[in-house]
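Annotation comment: TrEMBL describes A:12-40, A:52-71, A:77-97, A:109-127, A:158-179, A:212-233, A:239-263, A:275-296 as transmembrane segment.
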Amino acid sequence: MFSDYSLAELSSIFLMQGFAGLILFSVFVLMALGLAIIFGQMGVINMAHGEFMILGAYVTYFTSQFFLNHLPSLFGIYFFVAMILAFLASGALGMATEWLMIRHLYKRPLDTLLATWGLSLILQQVYRSVFGPREVGVELPGWMMGSLPVTDVVEVQINGLFVMGLTIAITVAVALLMYRSSWGKQVRAVVQNRVMAGAVGINTEKVDRYTFGLGCGIAGVAGSAFTMIGSTGPTSGQLYIVDTFLVVVFGGAQSLLGTIASAFTISQAQSTLEFFLSGSMAKVLTLIGVVVILMLRPQGLFVIKVRR
Amino acid sequence: MSTHQDGSDKFSATRRRLLKGLAALPAAPLLSSTALFPSRAFAQAPATSAVNTTGLAVTDTDVTVGILHSVTGTMAISETGSVQAEKLAIDQINAMGGVLGRKIKFVQEDGASDWPNFAEKAKKLLVNDKCAAVFGCWTSASRKAVLPVFEQYNGMLYYPTFYEGLEQSKNVIYTGQEATQQIIAGLDWVQREKGAKSFYLLGSDYIWPRTSNKIARKHIENFMKGSKVVGEEYFPLGHTQFNSVINKIKLTKPDVIYAIIVGGSNVAFYKQLKAAGIDLSKQTLLTISVTEDEIDGIGGDNIAGAYSCMKYFQSLDNPNNKDFVAAFKKMWGEKTVIGDVTQAAYLGPWLWKLTVEKAGSFDIDKIAEASAGIEFPKAPEGYVKIHPNHHLWSKTRVGQAQLDGQFKVVFETPDLIEPNPFPKGYQ
Amino acid sequence: MTTQAPTSGRSFFLRPQDMIGIALLALLLLVVLPLALDNFRLQFVGKYLTYAFVALGLVLCWGYAGILSLGQGVFFGLGGYCMAMYLKLEASSVENTRIQSTPGIPDFMDWNQITALPWFWEPFRHFGFTTLAVVAVPALFALILGFALFKRRVGGVYFAIITQALAAIMTILIVGQQGYTGGINGITDLRTLHGWDIRTDGAKTVLYFVCVGLLLACILLAYYVKSSKLGRLLVAMRDKEDRVRFSGYDVSSFKVFVFCLSAALSGIGGAMFTLQVGFMSPSFVGIVPSIEMVIYTAVGGRLSILGAIYGTLLVNWAKTSFSESFPELWLLGLGGLFIAVVLAFPNGIAGLWQVHVAPRLGPLFGGPARRAASPAVAEPLPVATPAVAE
Amino acid sequence: MNANVITDAMNKDFVLAVEGLTVSFDGFKAVNDLSFYVDENEIRVIIGPNGAGKTTVLDLICGRTKATAGSIRFKDRELTRMKEHEIVRAGVGRKFQNPSIYEDLTVFENLEISYPKGRTVMGALTFRRDGPVKERVQEVAETIFLADQLDQRAEYLSHGQKQWLEIGMLLIQDPELLMLDEPVAGMSVSERKKTAELLNRIIKDRSVIVIEHDMKFVEDIAHKVTVLHQGRILSEGPMAKVQADPKVVEVYLGH
C-alpha cells in the first residue's frame, strides 16, 4: 500500500500519525488518571466514571453558553473557567457518591462495580431529563481552532496541542500530589493498611472521600477537554468506559507510570493500525491485543513484585 | 402493495415470493375493497362495523394508533423529532375532524434504543392495543426487528427514515427515501457542478452506511465516466477519533469526501476535520447523514460549507413548508429544528389518513392495497405520492450547511424520483 | 458417634425443601402462568425465561465460585447465533431467495456481495450439529478463555473487566463483519424449524413449554452440581482459595469447569431466545445486556438457584410494565434497583425470603433447621477473591 | 527431648533437601542461599526474628512463592517446578499462620474437602460420601476435639478450634511432610496445652517443620532448631546448642 506514496509523503504520514497517536494518548491519559486514582489507590471500580466525565462536559457547555450570552468579551478564556467548574462539580458529586454509597462497599470491590453501574444509569437518565436527549456541542474560542503548519503537508492542530499540554499539567499535578505531598502519603498509608493508618491518627474516612472526589474531579476536567473533540449527550460517557478500564488494568492498577505507559502503548497501536485497517478492525485488534497481553501478564505492565 | 399496476415494477413478480404477506392477498386484488361497502365509503362517519372488520381499536368516536420510537437510550437523540412531528400531524388531523369522523388517539411506546424491545412493543401495540396504524422506528435494525411482527399480526407501519432499501413489505409504508433516491442524484450533481473525479467514502460501521456506500461506489465506478473511489472506511458507532482517517484524506486529496457517519461520531468527525485545517468551503464534502438535527450538535461553524443530500430541508421555500415549520415551532418551541426524518415522520399520519379515506376502511389489507397512488399535495417537501412498492416518489435536494445551522438549497431534481428499493446494477 | 442427619442422610441430591421449591416453580410456569396469561403475555414470559438460563449460570459462576463474568451476553449470543444460523439457512432456500444475485444464501450476505456461503456456515445446515454447537461453541470459547485466565490466576475485578472488554470486542466484530453475521440488524426473518413454522401462536406456545422443560432440567443440573462435592469446593474456593490449593486441588480447573458450565447454560438460553423471538442481534452480546443479566441474578439472590429465576422474571416484568407506563423513569428504577440490591439486600429476594418468610413456614420450607446444614441462601456475602494472585 | 538424630550433608535419607535456595523481591533477598535438610520423622523448628524469612521458606517449599534460584527436593522430587496442588499430592501439607478454614462450610464439610479423594473435576462431581469417608472424618474429628461439632458452621468455632480444624484438615491428607506456621499463636493457656498434646500425637510417623515463637513450646517438641536471620541461617542444631550460640543470643534471644 506504500507504492502510491513518495518517500516525503511517507515520512509526513508517519509524522502526522505519530501526532494523531499523541492526541489519542493524551485523551487516554486524561480519561484514565481519575480512574487510576480511584481504582488503583482505593480498589473501587467506578463504572460511572464516564458519567462523571460527561458532567464535566455539560458544565463546560453551560459555561460557554453563559460567556457567549453574558460575557462575550471574555469568551477567549472561558475554557479555563469551565475546567475549574467542571472539576468542582464532578468532584463534589464524587464526594457525595462516596459518602452515600461507596464507603459501605470497601470490602466488596465487585459490588462497587454493580452499584456504580446503577449510578451510571441514574445519571444518564437525569442528564436526559435535565439537559435533554439531544447532543450538544461546545463552541470553542477562535484561538483554539485551526492548525499550525510545520511543513507543506504536516500540520499540528492547536486543540490537540492544548489537550496535550493539559494532560501534562494534570499528570504532573497528580504525581506531585500523590508522591510529594503529605496528603499523598496519607492516601498511600490508607491504601496499604487502613486500620493502621486510622490508628496513627489519619482520618481515613476523610482521605477516602477526598481521594474519590479527586478522581471524579479529574474525570470532570477530562470531560471538559473532550468537548473539544467530541459531542456531549446523556449516554456519551458509556463510550469511554471499556477503553478507560483497559488502560488502567493494562498499566498495572497501582502505578501511575504504568497507566501512562499503557495509554501510550494502546494509543500508538490503535492509531497505527487505524492507518492500515479500517477503524472497526483497528479497534478490535487493539482490544484483542490488550486482552491477550493481559492473559499472559495479568498483573499489567508495571507492577512491583511484593512478598506476601 | 401491488403486483399489477405499472410496468416499471419489474421485480414485483419475484419479490412477491419474498414477502409472505403477499401470499395472503386475494387473487384479484383489483376488485377494490370499497366495492364491498360502496355506499358508506366516503360518508362522514360510517358505521364502525363497516370500516373495521378485523377488530382494530376503532370505535364510533375514535381510532387508536401507536407511536413507537426510542425516548430513552442512545437513539432518543434522533427519534425525538419524529415523535414530535407525528404528534403534530395527529393534532392537526384531529383539528380537521379526524379520520372517517373519528378522532385519533395514540398509544406511545418506548423502544429504548433496543431492537428486541421494539419487537416486543410492536407486538403489544398490535395485539394488545389493536392499533390501526403504527408510526415509528428509526434505525434499520429496529425496523428489521419489528417487520416480522407487523407481517404476522398484520399491522401497518409508517417508517420515516431514509434507509438502505432492499426491502419491501405489504405492511410498511416507507416515508423516507431509499438509498438510490438519495444517493444517485447527489453524486451526479457533485460531478456536474464540482467536476469531481475522486471520492473518499466514509461511514459508520453498520448496514445503512455500508449499503449506501456500495451503491455510491457502483454508481461512481459504473455510471460516472472517469471517476474513481480512492478510499473507503468504516468506524464503530460512537467512534470519536478520526485523526488517522483525516490524515489519509489529506494525503489522497480526494475531490469529494463522501461521509455517512451517524450519531455522536458526527460531532467528533467535523470538529476534528475543522481542527485539522480542512476548510469545507474549499474541500467538497457531501453527506447523506447530516440533517438540521445533527448540526445542532455539531455546531454550524464546524460544518458550514458542507453539502448534504436528502429530500427535505427546513429552509425549503414553499407555502406548505412555511405552514409546517410555523406549526411545528408553535407546538414544540422556537428553538427546535426540523430535519429530513422529522418531516418524513410528519407525512406518516397524513398519508394514513388519506389512505383510510380512499379505502373507506381501517382494515389493514384494504389500506395496504389502497396506498399505491395516494397523493399528498400538502407535504412540506412538496408533492409526494406513494409508489406501488410502498415507497414515496420524491424530489432529491442538495443543501449547503450554513453557519446558523440551516441549509441553503443549491439544487433540486426537476422531477420526482422513482423509488427503487431493489436497484439492478447496484447489487 | 454423634453424626447427625444432614451429614449422613443426604443420599439424594435434593433436600425436601428444594423439591418443594422446584415443584412450586414448575407449577407456576407450567400451569398457573399458561392459564392466567393470554398468549401475548405468555410469550413475554417465555422470552424472560431464556435470560433465566444465564442467571442460573451466574449463580453457579458468580454466587458460588465468586467469578463475576461481565461477558455472559457473549455466550448467550453465541448460542443464539448458532441457532439463528441454522434457521436462517432453512429460511434462505433457493426457492425463497430467487430474487437475489446468489440464491440460496442468506439475504444479508447477498447485500454484501458475498457469493458463496462461508465455510463456517456450512455445518449449520444440520440440526444435530446446531444443537451440539449451541452448547459446545459457548463452552469451548469459555474453556479457552477460562484456561488462559484462571491458569494465570486472573480473578475478581480483573476477570470482570477482561470479560467486559470481550463483550465490547464481540459486538464490534459482529457489527463490523456484517456480511457474515448480519451486522447490527442481526439475523432476522427466521421462519421454520424443520418445516415447522415457528412464528405461529401455536408454535410459540409449544416453544414456551420446551423452554420451561429445558429450564427445569438445567435447574436440576445446577442443584446436582451445587450439592456435589464440587459445589462445596466452589464455596471453599471463593472463601479460601489458597487453602483449597493446599488441599491438593487444581483450583483453576474447577473454575474453568464452572465457567464453561455457565457459558453452556447461557448458550441454551440464547438458542431458546432465537427460537421464541425469531431473531438474534448483537444487542444481546454487548456490555449493557451482560450487566443487566448480572442484576437479574443479584435481585434474585446470587446464592439461590430458584431465586435467580424469580429475579429474572421480576426484573423483566418490572421493565416491561414500567416502560409501558413511565418510560422515562425506567432507567432511574433500574439504576436504583442495582444500588438498593447491592447496598441493602445483597442476598436479593432469596435472602429476604430466608430471613423473613421461611422461618414462619417451618423447616420443610428451609426454615431454621437448615441453618447449620450447608451453604444455602442466607450466607454472609462473600468477600471478593483477591484480584491477582502471583 | 533433645537431638536424637544427627545428620550430615552426605546422608541420603533426607525427606527434604533444600539447597542454595534464594528468592528476591525487587532486589531484596528475603531468602538468601539457604540450605538445610530434614530427616525422616524429624521435627524441625524454625525460629528467628520478624522478617527473617521464616514464612517465606514455607511458601517456597509448598510452591506458593517461586524460588529465584536453588533447589528443593522432596523424596528426590524437585518441588520448585511443581504446581501447588502437585506438591500437596506428593505429600506435603501446610498450615497457614492465620487459621485458614472455610467459614461457610460445616466442620464435616471442611474435613471432607481435605479428604484426598475426588480431587479432579469429574472426581468431585461423582464423589460419594460413603462409609470410609465418614469414618475417616469422624476419626480425625475426634483427634482434634471437634467430634461433637461436625455439623457446626466453621465460622462459629472459637479461634483455637479453628486452628485445630485446620490441623485436622492436614491430618486427613496424611502428608509425609507437615509444615505448621505458628500453630499455637493466639491461643489461651489451656488451648495451648491441648494443642501441644495434639501435635505430639500427630507428628508421629512423619517429618514436621514448625515455625514458632513460643520458646517453651519449641523446647518441648523440637528435634532440631534452625535460626534464620535476614534470610540466612544463623545457627542450626539441637535447642541447647542454639540457645548457647552467642550470635543467636545477640540477634534474637538477647532482647
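First residue shown is number 1, and so on along the chain.
Using the three backbone atoms N, Cα and C, a Cβ is placed for every residue, glycine included.
Automatic prediction, not curation, is the source of TrEMBL annotations.
What you see is a predicted model, and the numbers here were worked out from it, not measured in a lab.
Distant neighbours of the transmembrane segment (A:275-296): 1, 13, 17, 242, 246, 249-250, 266, 269; these residues of the same chain sit at least 6 beyond its ends, with a Cβ under 8 Å from one of its Cβ atoms. Two recorded stretches are said to be in contact when at least 3 C-beta pairs lie under 8 angstroms, sequence spacing 6 or more; the transmembrane segment (A:158-179) and the transmembrane segment (A:12-40) meet this definition.
Stretch with the most C-beta contacts under 8 angstroms to the transmembrane segment (A:239-263), considering only A:12-40, A:52-71, A:77-97, A:212-233: A:12-40. For the transmembrane segment (A:52-71), the residues of the chain that approach it from at least six positions outside its boundaries are 31, 34, 46, 78-79, 81-83, 85-87, 89-90, 93-94, 123, 127, 131, 136-139, 216, 219-224, 226-227, 232-234, 236-237, 240, judged by C-beta separation under 8 angstroms. Long-range contacts of the transmembrane segment (A:12-40) within the same chain: residues 5, 46, 49, 52-53, 150-151, 153-157, 160, 163-164, 166-167, 170-171, 174, 178, 211-212, 214-219, 221-222, 225-226, 229, 240, 243-245, 247-248, 251, 253-256, 259-260, 262-264, 266-268, 270-272, 275, each at least 6 residues beyond the stretch ends and with a Cβ under 8 Å from a Cβ of the stretch.
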